[in-house]
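Features of the protein shown, as given by Swiss-Prot:
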| type | residues | note |
| --- | --- | --- |
| TRANSMEM | 70-93 | transmembrane segment |
| TRANSMEM | 156-179 | transmembrane segment |
| TRANSMEM | 195-219 | transmembrane segment |
| TRANSMEM | 291-309 | transmembrane segment |
| TRANSMEM | 346-369 | transmembrane segment |
| TRANSMEM | 385-411 | transmembrane segment |
| TRANSMEM | 433-455 | transmembrane segment |
| TRANSMEM | 531-549 | transmembrane segment |
| BINDING | Cys573, Cys582 | [4Fe-4S] cluster binding site |
| TRANSMEM | 589-610 | transmembrane segment |
| TRANSMEM | 664-686 | transmembrane segment |
| BINDING | His675 | chlorophyll a' binding site |
| BINDING | Met683, Tyr691 | chlorophyll a binding site |
| BINDING | Trp692 | phylloquinone binding site |
| TRANSMEM | 724-744 | transmembrane segment |
Amino acid sequence: MIIRSPEPEVKILVDRDPIKTSFEEWAKPGHFSRTIAKGPDTTTWIWNLHADAHDFDSHTSDLEEISRKVFSAHFGQLSIIFLWLSGMYFHGARFSNYEAWLSDPTHIGPSAQVVWPIVGQEILNGDVGGGFRGIQITSGFFQIWRASGITSELQLYCTAIGALVFAALMLFAGWFHYHKAAPKLAWFQDVESMLNHHLAGLLGLGSLSWAGHQVHVSLPINQFLNAGVDPKEIPLPHEFILNRDLLAQLYPSFAEGATPFFTLNWSKYSEFLTFRGGLDPVTGGLWLTDIAHHHLAIAILFLIAGHMYRTNWGIGHGLKDILEAHKGPFTGQGHKGLYEILTTSWHAQLSLNLAMLGSLTIVVAHHMYSMPPYPYLATDYATQLSLFTHHMWIGGFLIVGAAAHAAIFMVRDYDPTNRYNDLLDRVLRHRDAIISHLNWVCIFLGFHSFGLYIHNDTMSALGRPQDMFSDTAIQLQPVFAQWIQNTHALAPGVTAPGETASTSLTWGGGELVAVGGKVALLPIPLGTADFLVHHIHAFTIHVTVLILLKGVLFARSSRLIPDKANLGFRFPCDGPGRGGTCQVSAWDHVFLGLFWMYNAISVVIFHFSWKMQSDVWGSISDQGVVTHITGGNFAQSSITINGWLRDFLWAQASQVIQSYGSSLSAYGLFFLGAHFVWAFSLMFLFSGRGYWQELIESIVWAHNKLKVAPATQPRALSIVQGRAVGVTHYLLGGIATTWAFFLARIIAVG
């Protein structure tokens, strides 16, 4: 740590009334661009309007102005999020069976959407139990509400109104901090202050207040609910907060107040701050006392972290010093210059944030089922499948976004003149070695992973099961994964005092947990089938990385187009007269990367869906016999391509295909419609621009003949626009098809 003389006092960091509020200006389409503001000559105008409306770099090159626009837009985003949350809570209050579900969560399904019988579509209101008819929801909101101690629909109403107030507040803040008091550039670049506020404020105090809420409100209310007390009889949250004796009846140490804390007799608090591991056998969720303890610990860590950086007082770390000291023996200048990059290029900053948030989202997907945090979440199979799928897709998109903004940084913000021998420069100088090695890895993984399946299909087709790779013939056991599982299964009692079970039941060792005759979780066995599909995961992920990384490393120049940086982030080809230079822009790499991201995530969610139905989810008899949904067929069926097609896609599609005439029929329509949207995308992806331009000119001729030709000239989509429309419909169609397939299946059988 470097101790310096105090920094000069903070200057005034806002400009007053920098930009007037003008509805006349905003009402003019394309007011942000001289060219677009002139109005349309051709139909390309509307596409350019959409492409550039939020590309603040194209409006101005003034970093301060760009920063203010981004900052203001963030408040708008928060406003929309609050509005959405309010809608969710309002549906819970107005259209849901939450109170009924709360009284019997094992036999009643969650529903917060009731279809109005306008054209006879009330068939969609299925019987979710308890005499309620509505659409079964799979968002997990009911489970979150129970975990946070919400016991009535009135409380949901109040929260919904509160969220609306916050939405309005955020809208106001977005306007205020752009038009009335706009921060100066120095404020956006003061990273130490930002770290202090975000770490100590958002994460530290945020976690602390959540831990406080859990201890004082959630834990007592959930204890009553678990004991079967009628929600209407349970004291209201404010009674627990104001009346300590009420809590002391449940947790005797509350009678002593803060004395044990100040006398360091902290073990007194172990009644409500536990470290048990495993799941609560009543609800099938993590112990809420473990979760409260976790948030308290996280709060302490982040409150400390928030005090590590040097601001107005001359004590603490400076980010620039940390980065410039970050040198290894083989990395030249190391991170020198990175501080300047990250404080002047928001694309570089965003790229890092997206990569980390995307990875974190995928980590969340894997923890939601292996350590289900909310009561009765683990036995709600449709919600479990939805949460996993949702977080996987979101994580995939965020990671592709990271590559997109890294490439935009390279094209727009990277200045090669003052970068020499730092880490980025060194990576760029040996990019050929990186990409060619990565390419070799992809070829190796592709041939070998698919080769194992093709071998199995061939042996199966020839009637030679003894020569297949399977748990019953030639075994390829995932020994490293099994070793990790065993290590974790044996960990309790060694890692933390009082820990009675491992972090997740999936590791093994523990008994299964069942709630209301349904399996919540049990040790997940891994075998040859998992080994095979794991290598498909490795293959698809490496190909996605190859495409995205090549796009970033060759964004500015390549042997084919040495001056690529001058052509920008997205361009169709390197001008006329240079054949073979189309589809090489950084944008095109993002475009291609999206398809492989889609491949990668699809295999993951298919693996998860089938594995859980085969080896985890199911019912348990009074004698303790478990019957899985697909009877454990994953290990023997998923080892051939044919098995995936026959026993997963075809066999499990029967529910969505046969859904007509039932309350699941909307999924049947979506399944059909989303296939159509997906097929529609191929029209854009498989045909060239000239084809459409010729067609349009014939159609324009016909319009002229009839004297109904429009003033705005029709134009075919540009190459880049066509590919953008194509990939959008491809992903939208593919994801919605998967959604309908998964939900119709799991709601019917789960």
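Cβ coordinates are placed from backbone N, Cα and C, and glycine is handled just like the others.
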Least Cβ-crowded entry, counting other Cβ within 10 Å, from the binding-site residues listed as Tyr691, Trp692: Tyr691
Stretch contact, the transmembrane segment (724-744) with the transmembrane segment (433-455), Cβ-Cβ under 8 Å, 3+ pairs: no
Tyr691 (chlorophyll a binding site) to Cys573 ([4Fe-4S] cluster binding site) - Cα separation in whole Å: 18
Long-range Cβ environment of Cys573 ([4Fe-4S] cluster binding site), under 8 Å and at least 6 residues apart: Thr581, Cys582, Gln583, Ile719
Long-range environment of the transmembrane segment (70-93) - Cβ separation under 8 angstroms, sequence gap at least 6: 54, 56, 112-113, 139, 141-142, 145, 153-154, 156-157, 159-161, 163-164, 166-168, 170-171, 173-175, 177-178, 183, 188, 346
Chain residues in Cβ proximity to the transmembrane segment (195-219) (below 8 Å; excluding those fewer than six residues from its ends, i.e. six or more beyond): 147-149, 237, 240-241, 247, 250-251, 272-273, 288-289, 291-292, 295-296, 298-299, 301-303, 305-309, 311, 319
Highest-contact recorded stretch vs the transmembrane segment (385-411), from 291-309, 433-455, 531-549, 589-610, CB pairs under 8 Å: 589-610
Same-chain residue ranges lying at least 6 outside the transmembrane segment (589-610) that approach it to Cβ under 8 Å: 369, 385, 388-389, 392-393, 396-397, 399-400, 403-404, 407, 530, 533, 536-537, 540-541, 543-544, 547-548, 550-552, 630, 634, 638, 644, 648, 652, 723-724, 727, 730-731, 734, 738, 742, 746
Rounded Cα-Cα span from His675 (chlorophyll a' binding site) to Met683 (chlorophyll a binding site), Å: 13
Cα distance (Å, whole number) from the residue listed as 'phylloquinone binding site' to His675 (chlorophyll a' binding site): 23
Count of other CB atoms lying within 10 Å of the CB belonging to His675 (chlorophyll a' binding site): 15
